[in-house]
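I have placed the structure first, in the form of structure tokens, so that the comments after it can refer back to it.
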């Protein structure tokens, strides 16, 4: 039933919230609730620090992550807020193509928001991406 | 750790200040990709105040700090409360360095500063000496380039700068060289200046010349035999050009290095790739390194040679390894003899690698400084002299280099370039007196170099010894009877050519004649520097192509000037001649000289 699924979900998300606040990980990505009052723990914000020695270096990329009601059984919905030119990210609205990111394409419920963010960051370091010309810093998708 | 409730007694003085702002103090962890610090801050503070604390702790400017918490960027106007930042939580910090610097914290000193600064990665480190040395080998050409660069074995210049050091009191050559290196290391500006020297750049833009120079080095030839790939590289003009471009542009160099690293690390991940790499290393890099250790002048170029070979093929591995051996460090093995034997003057300056033993040019270099200085009798000088006599091989080798000879000749004909070369030596810059002396003395001994007899004298160890004795005698005489030194300049000058050849060698980088080198060595007061420099450069070029020479005695050359001087009323023809020789034919300077010696 819905209630039974909610407990593990909220549990999970609260855990992720705490991890985000405690800075678990290597410090290159960050995540947290978009709105602290959001009791459903659905809307999240993520931040990826552009990896060095790539075209993304020194930039901070803001993302929106949405964890639906069936999370973590289903992957979250991810989109970039900061404009970026990256394979697998729609140029027009920053939506991340689930098929392009293996963490999303082959989602497991042990994965987390952190995993997705870190994977996106890894993608930035790929040969095919690391030199893509980027829009000027600070631009965001408006839709 | 910190308690949530109540006012924590000041954890540090900051806490006091923060407490004044009201509210409880909380401990917040600030984390960068490299670093982690705990900062005490009032929970009511604003982000701006928090940043203030952070900037103190991380030693960065406040406006360089970007704070991220829970996926959101903290704006200065926000409060910590607003974002829910509580005690024990972690905030991410990104320190923005200059536009093109590494992302994340500044702890990645990938530093835009070109050249020698020790970069965060050994590869970059290895990359830097190569361009520097390549530039050197290629000849620290230009006046400034020569001695200042570390690992500059090529130009005997490095040695001349030693003599400047002597002038400054240090009698230990190795120390001097180390000083020089240190100076350069700590001042990457110098290197960039050097690189920007149009002379250097011009030299480096001539791939053929570069290749010639490199090939002329026997060590290099050996290396090439052992590793045919290297000769491929050298023979590929495109590659050469690219390499030189690289060497010229340190930023590009770093870029290239990074790409190399990336390529290599990719290679590693391929199954069997690691082994291939390892093989590469043993096959290519080791011989290169050993060649380098014997002869630092070689390696940088070889290392560089590897880099343009972007395919990840063999030599590319080179610069990825540890930094090149410290040329200025304590000598590994090789005695002067080993080095001397079979190495031309260019590489001889191996002094660097040798460490303890001054190179061939050294003793000679010392000679020039000592003239009229009394430095001649310094312990360093004497040990040098000893070494010269002990190692006649060195001298011979140095002098027998064909280009050496022609260099000397061209230089002799044009003392201006020599003086410019010397003047631009950064080490010299600190000692104007020495500069003055050298400037005056240069033209004279350059004359000497024209004299083939002088050359043969230099190659004859016993003759050298005799000369030394005479010189010492002269020195004594000078101190005992100062008024009795008519020709004291002549003799010591003979020794100088050894040092000077190093200089011309560097300048000889066969600059294209179009070069307006005048712009580079601006310090020389020589009149008409431009045309004469160009002339010299052309001569140098010809030199490499087989050389031509013309010799004239000073009297003939300065015939016109002598006449002018006598017309002005300077009737002492000998003094006139001396003055003219000393000033290289510059009448005005000669007049000053003459007037200086006859106060009236």
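Placement of Cβ uses the backbone N, Cα and C atoms for every residue, glycine included.
Residues or ranges marked as compositional bias 'Polar residues' by TrEMBL: B:99-125 (among others).
The compositional bias 'Polar residues' annotation in TrEMBL covers B:133-142 (among others).
Residues annotated as compositional bias 'Low complexity' in TrEMBL: B:340-357 (among others).
Annotation source TrEMBL lists compositional bias 'Low complexity' at B:520-533 (among others).
The domain 'Ubiquitin-like' annotation in TrEMBL covers B:26-96. Looking only at the domain 'Ubiquitin-like' (B:26-96), the predicted model's pLDDT averages out at 89.
Taken from TrEMBL, the feature domain 'UBA' covers B:552-597.
As annotated by TrEMBL, region 'Disordered' applies to B:99-153 (among others).
Residues or ranges marked as region 'Disordered' by TrEMBL: B:296-366 (among others).
According to TrEMBL, the feature region 'Disordered' maps to B:505-533 (among others).
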* Please list, for the domain 'UBA' (B:552-597), how many residues fall into helix, strand and coil according to DSSP. => 36 helix, 0 strand, 10 coil
* Structure fact -> Secondary structure of the domain 'Ubiquitin-like' (B:26-96) by DSSP, residue by residue, totals 15 helix, 29 strand, 27 coil
